[in-house]
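Reading through the structure tokens given below for one structure.
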């Protein structure tokens with residue numbers, strides 16, 4: 001069973017993306033958040049991130065981990081906000097930290113254009129209700 005949900009929109013700083021009939025896969029096995037290419041370009045532009053081809057990730061100075069804008073996903077008329085400390089990871093490479101995003105193409109087989117992986121699931125306790133075939137989210141309580 002795939003946990004696919006409609007996504008209505010996304011915002012990051014002044015950038016707004018209206019998702020028209022798009023689906024997101026909530027994926028406990030994904031370390032990153034998959035986003036459409038146009039969204040990835042805007043995130044890189046706003047953050048000033050540079051693509052590191054050796055690491056295959058966008059990197060920013062670690063000093064920005066706490067100062068970059070929040071991500072906001074619009075799902076089922078509810079806004080889910082993810083702070084920058086949840087979507088940036090320290091790679092133990094000096095002052096280089098990775099943005100936990102990647103650009104993805106529309107997956108025709110699964111019918112998805114977004115993947116909500118670990119940064120989303122760390123921020124929101126995710127409940128998979130197999131019996132009722134539904135999914136729920138609640139703000140996770142940090143340890």
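Residue numbers in this text run from 1 along the chain shown.
Each residue, glycine too, has its Cβ placed from N, Cα and C.
These numbers come from a predicted model, not from an experiment.
For the domain 'Peptidase A1' (1-138), the DSSP-based tally of helix, strand and coil residues reads 24 helix, 73 strand, 41 coil. The domain 'Peptidase A1' annotation in TrEMBL covers 1-138.
All protein chains shown were included, and the count of other CB atoms within 10 Å of the CB of residue 62 (disulfide bond) stands at 18. Taken from TrEMBL, the feature disulfide bond covers 62-97.
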Legend entry - Nonlocal neighbours by CB distance (under 8 Å) for residue 97 (disulfide bond), same chain, sequence gap 6 or more: 59, 60, 61, 62, 64, 65, 88, 89, 90, 91
